[in-house]
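Feature list (source: TrEMBL):
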REGION    1-35  region 'Disordered'
COMPBIAS  7-16  compositional bias 'Basic residues'
COMPBIAS  22-32  compositional bias 'Polar residues'
TRANSMEM  57-77  transmembrane segment
TRANSMEM  157-179  transmembrane segment
TRANSMEM  191-209  transmembrane segment
TRANSMEM  221-247  transmembrane segment
TRANSMEM  281-301  transmembrane segment
TRANSMEM  405-423  transmembrane segment
TRANSMEM  476-498  transmembrane segment
TRANSMEM  510-529  transmembrane segment
TRANSMEM  549-568  transmembrane segment
Amino acid sequence: MAGHAPAPHKPRRKVKGAGGPSNLSHSTSVESSGRAPSFPLAAFFWPARGSASQWEILPIILMVAGLFRWAASLWGYSGFEKPPMFGDYEAQRHWMEITAHLPITQWYFHDLQWWGLDYPPLTAYHSWICGKIGSLIDPSWFALYKSRGIHDPTLKIFMRGTVIVSEYLIYIPAVVIFVRRFSRLSGVTSWSASISLAAILMQPATILIDHVHFQYNTVMLGFVVASMSSMLAGRYLWSAVFFVAALGFKQMALYYAFPVFAFLLGSCFSPRINVLRFIRIALVTVIAFAILVLPFVLSAYNEWRQGIRSKPAPLPLFQGLAGHLDPNAFYYPIVEQLVQMVHRVFPFARGLFEDKVANFWCALNVVVKIKHLPAELLQRLALVATLASIIPPNLILLLKPRRELLPLAFVTTAWGFFLFSYQVHEKSVLLPLAPMTLLLAGSQGLSKEIRAWVGFANILGCWTMFPLLQRVDLRVPYAVLTLLWTYLLGLPPTSLSLYSLDGQASFKKIVTALIHGFFYLAMAMWHILELNLKPPSDKPDLWVVANVGVGAAGFALCYVWCFTRLVLQSDILPKALFGKKTKTKTN
């Protein structure tokens with residue numbers, strides 16, 4: 001099909017012979033005979049291949065996605081009956097407790113030793129809503145001080161329900177709209193788009209972390225996807241608002257800040273200079289941030305007017321500033337609130353990395369003990385390495401602000417942040433995996449090459465989170481959800497069809513098959529050894545360290561693949577270097 005998006009005002013035309021090879025060979029990897037699809041998920045949608053619109057089967061996709069999420073949530077969660085801190089589940093529940101009972105000015109100050117609030121304001125408002133609703137159902141769930149470590153089965157249902165409802169309000173609508181817009185932009189049939197949508201919503205990593213381990217990452221990811229979708233539609237002001245909302249929910253959204261900035265700035269200067277657009281985007285961004293913190297500012301000012309004085313924040317960050325401020329001035333409690341919020345949201349004191357994470361620094365620390373170096377030096381090293389990895393893809397997006405490049409620019413930048421930035425957690429791998437999985441909805445998104453790399457990244461990402469999941473007894477949902485997704489997309493270890501070397505096998509296909517095969521074999525062997533062989537007493541973290549090394553190497557390859565594809569699709573290099581047009585449609 002042609003690679004041009006239909007005009008927004010035109011109804012989507014029915015594609016004749018949507019199941020035929022001529023229309024689908026570029027995007028669904030259908031067998032050359034056209035008689036059968038080449039992987040199970042496509043087979044499930046085969047009867048609907050003549051459909052004119054993805055909306056006809058959307059309800060089925062949403063119901064199936066919801067069913068698997070609820071089934072996964074029947075398992076345990078982070079910290080279940082594991083004192084003294086009880087894990088992420090207790091952290092989220094505790095934030096609902098304090099936001100529902102304490103004045104807003106105390107949210108970022110209250111008992112910081114017991115899961116003190118350390119996420120941006122929108123998470124706090126979300127916790128407040130959930131806490132208020134939960135308290136109406138059963139006040140004991142969020143009773144101040146008395147509910148710590150509670151494991152009420154009915155509360156578990158409520159907490160799981162808040163994740164699913166939040167996801168269906170934010171993340172899933174954003175993904176549905178993005179897939180619709182991106183597939184139309186890429187000239188992909190509605191049948192292929194439906195397959196891609198199902199694959200994206202069944203992504204195992206997000207289900208494992210949010211619906212099993214327990215968190216609300218998909219709310220932040222939903223705002224990011226909504227921002228990308230608005231860029232596709234040319235709605236740049238809404239894009240800025242949605243991204244501010246993502247930052248306001250989780251500071252990890254900073255992984256995407258550079259491509260958002262690069263694309264929006266590039267759109268103000270290409271194809272022509274549009275100063276008014278630049279000013280409007282800047283104003284909307286500032287206003288959106290101001291609205292986020294306005295309740296804290298107004299509450300702090302109101303307490304000052306009532307004569308309520310709080311103790312100065314016991315933080316070096318504030319102590320260095322407090323000497324230049326008048327403690328009796330109206331602005332003092334406002335500044336105190338904002339400084340405390342920044343300090344809690346960006347905890348540089350935690351160190352270069354936490355636990356064992358499959359990124360460059362943790363892998364390097366196995367060979368050279370860099371974690372013992374001065375914190376200031378480590379911060380500078382992380383900053384330089386991160387900038388070196390993210391500036392090239394964002395420079396491309398700035399110079400070539402083309403909508404079809406957005407997912408590749410987002411994922412390349414996110415891989416750079418994950419591999420090299422400061423204070424990375426295992427769960428942070430969700431951030432590069434999200435836009436990388438969205439590539440399935442683009443041109444040739446379901447071809448063998450893209451499915452192979454997207455599948456490889458997701459499987460490797462789940463595998464690197466296994467030590468985290470294993471600590472809270474989540475082996476079974478990890479195995480079931482990961483293997484289910486690999487089966488649906490025809491990926492190893494359930495199928496090797498992606499790497500079959502047919503008569504058209506190229507050097508690139510052979511190298512990809514060998515590289516992926518090595519990593520899949522390493523992951524399988526690691527599971528066998530970890531399950532049956534205890535590590536030596538002098539190396540108790542042997543298997544975790546091996547996981548880190550293999551994972552970091554695999555993620556680095558994902559970065560290289562994404563960046564290379566971004567360079568080729570952007571046409572930023574002279575075509576003479578390649579001998580022909582670089583905007584290829586490689587299978």
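One is the number of the first residue shown, and numbering goes on along the chain from there.
The backbone N, Cα and C atoms fix where each Cβ goes, and this holds for glycine too.
Annotations in TrEMBL come from automatic prediction, not curation.
Nonlocal intrachain contacts for the transmembrane segment (221-247), taken as residues 6+ away from its ends with a CB within less than 8 angstroms of a stretch CB, comprise 8, 120, 122, 167, 170-175, 177-178, 181-182, 185, 206, 253-254, 256-257, 260, 263-264, 267, 277, 280-281, 284-285, 288-289, 292, 403, 406-407, 410, 430-431, 434-435, 438. Proximity of the transmembrane segment (476-498) to the transmembrane segment (549-568) is not established, fewer than 3 Cβ-Cβ distances being under 8 Å for residue pairs spaced 6 or more apart. Nonlocal intrachain contacts for the transmembrane segment (281-301), taken as residues 6+ away from its ends with a CB within less than 8 angstroms of a stretch CB, comprise 103-105, 120-122, 125, 236-237, 240-241, 244-245, 248, 264, 268, 330, 333-334, 336-338, 341. Most Cβ pairs under 8 Å to the transmembrane segment (157-179), among the stretches 57-77, 191-209, 405-423, 549-568, belong to 57-77. Counting Cβ pairs under 8 Å that are 6 or more residues apart, the transmembrane segment (191-209) and the transmembrane segment (405-423) reach fewer than 3 and are not in contact. Among residues of the same chain six or more beyond the transmembrane segment (549-568), those with a C-beta under 8 A of the stretch's C-beta atoms are 358-360, 362-363, 366, 389, 392-393, 396, 405, 408-409, 411-412, 415-416, 418-419, 429, 432, 436, 453, 456-457, 460-461, 463-464, 515, 519, 522-523, 526, 578, 582-584.
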